[in-house]
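A.B. asks: Below: one structure in structure tokens.
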Amino acid sequence: MSEDNENDVYTKDGTVDYKGNPANKNETGTWRACPFILGNECSERLAYYGMSSNLVVYFKDILNQESATASKNNANWGGTCYITPLIGAFLADAYLGRYWTILCFSIIYVIGMTLLTLSASVPGLRPTCHEGNCNATNGQSAVFFVALYIIALGTGGIKPCVSSYGADQFDDADEVEKGHKSSFFNWFYFSINIGALVASSLIVWIQDNKSWGWGFGIPAVAMAIAAASFFLGTKLYRNQKPAGSPFTRMFQVIVSSIRKYNVEVPHDESLLYEIPDNESAIQGCRKLHHTNGLRFFDRAAVLGKSENMTESANPWKLCTVTQVEEFKAIVRLLPIWATGIIFATVYGQMSSYFVIQGQTMDAHMGNFEIPVASLSIFDTISVIFWVPVYDRIIVPIARKFTGRKNGLTQLQRMGIGLFISIFSMVSAATLEYIRLRMVYRHDYYKLEHVPMSIFWQVPQYFIIGCAEVFTFIGQLEFFYEQAPDAMRSMCSALSLLTVALGQYVSSLLITIVTKVTTRNGGPRWLPDNPNFGRLDYFFWMLTVLSVVNMIAFFLISQMYTYKVSVGTLR
């Protein structure tokens, strides 16, 4: 076999197999490795949503918390689940690699799920209930919350790595394989929602009608299956080598730039420092083209009088162009990243005030009572419907007009999702206005369930599901593609952080609205009994914030500069 043909057998993006050898394209990666990764994600999401979809109800009914307290605790925990990915991403990019990070944190996740199951099923750990009234001791609540936050830590090592790890199975330097990467993100999100579909229907029904012990126990088993599924594919995976601390490299650029604040940047970019080899100084990272934006940081790559191109440099004094561009890529992502926070706040209402709104409505379908949290199944159905529609219909049609392989750019896709999400809040606010009019007209204030079908909530769930397919999947692909090679887990975590901040913004808004609307004895927008409040005003407020956020996104996206890599690693 000639040397050229031999080289063609191996990936050119720096990935290696489980033994640390260059990854053979004919034996590793692509769709052959994806079923194990997608199976892991499907089972893990079943575990997560099976436990979290009905969590606000557990807080209210079993731990005996008020609606506002339950909603804030739910938002705070959900937010933490999207902050801990920063820990997992750092370990993956810097030291462990994505494979070992996913596997180790999956074990932590299983431990948390097991403790959660015990807290809801073992006498002494389980709150005592009598005729529908439950009381939890401080110790029982503490065990429950410890389990929750162990789970939050476990999910922090999985969330930022799984989507990136799946995308790693397709060689960026191979146009054929790279073309499948966008489809992978669509089907990755599809697998998430298959797990969520089972969770929001079967698991929620078990929790409401059988027991919380079984309702948490089944997701715990699903999480164990997720870890086993991932391990089974070990020999087929392609792995990116960890490249050391990304935070250190970013601080080096900042420090070096500040040290040379009075140095003039040459107009000829070839005079900036870069190692002469084909590979960059950062392990596992391709070189990046120099860009003209954010020129202050180019000072970090300006050669001093005593420095030259052929010597290895102290990165705290002199950084390569690739290291500087790596930092610039992160800075450019931040404004786009910030616009995802309000969308995440809107999305978070599905597990809080959509559920509380649904609890005031008639949940019967004939003699069968539908678990309120199960209405999120229509969000899941919407995603499952729209993913193949987008992948098989919208993309080919858009491709004819734009000439782009993926139909729409990632930013265009995200912007469409932000626009669609506005109508979810409009739908929720309109429904609540109509529901409250019925309460006023017929004096239903103390009625537990207004005679209005819960199925009127379906449009708001279905619309937010459609918005997810555009915005969340667009974010997954955007943050992976625009991330430097050695910081992809970190950028995925950055994307997930918008969900965390969205949860915290939701909690903050609830606190502010409650404080402002109760000033001087005024009527609360968000009382424990929504019949006495104005939840519709809260939804309209989120509508206005969504409109402002969408406008900001379109202005920011017009100025964004896409990353361009140079060459290959092999």
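Each residue, glycine too, has its Cβ placed from N, Cα and C.
Copying in the features that TrEMBL gives for the protein in this structure:
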{"type": "TRANSMEM", "residues": "99-122", "note": "transmembrane segment"}
{"type": "TRANSMEM", "residues": "142-162", "note": "transmembrane segment"}
{"type": "TRANSMEM", "residues": "183-206", "note": "transmembrane segment"}
{"type": "TRANSMEM", "residues": "212-232", "note": "transmembrane segment"}
{"type": "TRANSMEM", "residues": "330-350", "note": "transmembrane segment"}
{"type": "TRANSMEM", "residues": "370-390", "note": "transmembrane segment"}
{"type": "TRANSMEM", "residues": "411-434", "note": "transmembrane segment"}
{"type": "TRANSMEM", "residues": "454-473", "note": "transmembrane segment"}
{"type": "TRANSMEM", "residues": "494-517", "note": "transmembrane segment"}
{"type": "TRANSMEM", "residues": "537-556", "note": "transmembrane segment"}
A.B. asks: Cβ pairs under 8 Å only, please: of the recorded stretches 212-232, 411-434, 537-556, which one is richest in them relative to the transmembrane segment (330-350)?
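C.D. replies: The stretch with the most contacts is 537-556.
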A.B. asks: Can we call the transmembrane segment (537-556) and the transmembrane segment (99-122) in contact, meaning three or more C-beta pairs below 8 angstroms at a sequence separation of 6+?
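C.D. replies: Not in contact, no.
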A.B. asks: Have the transmembrane segment (212-232) and the transmembrane segment (183-206) got at least three CB pairs under 8 Å, pairs 6 or more apart in sequence?
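C.D. replies: As far as Cβ distances go (cut-off 8 Å, pairs 6 or more apart), the transmembrane segment (212-232) and the transmembrane segment (183-206) touch.
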A.B. asks: State the residues, same chain only, that lie 6 or more residues beyond the ends of the transmembrane segment (99-122) and have a CB under 8 A from a CB inside it; answer 'none' if no residue qualifies.
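C.D. replies: Cβ under 8 Å, 6 or more out: 18, 40, 44, 47, 51, 62, 88, 91-92, 140, 143-144, 146-158, 161-162, 165, 211-217, 219-220, 223-224, 226-227, 230-231, 234, 237, 239, 489.
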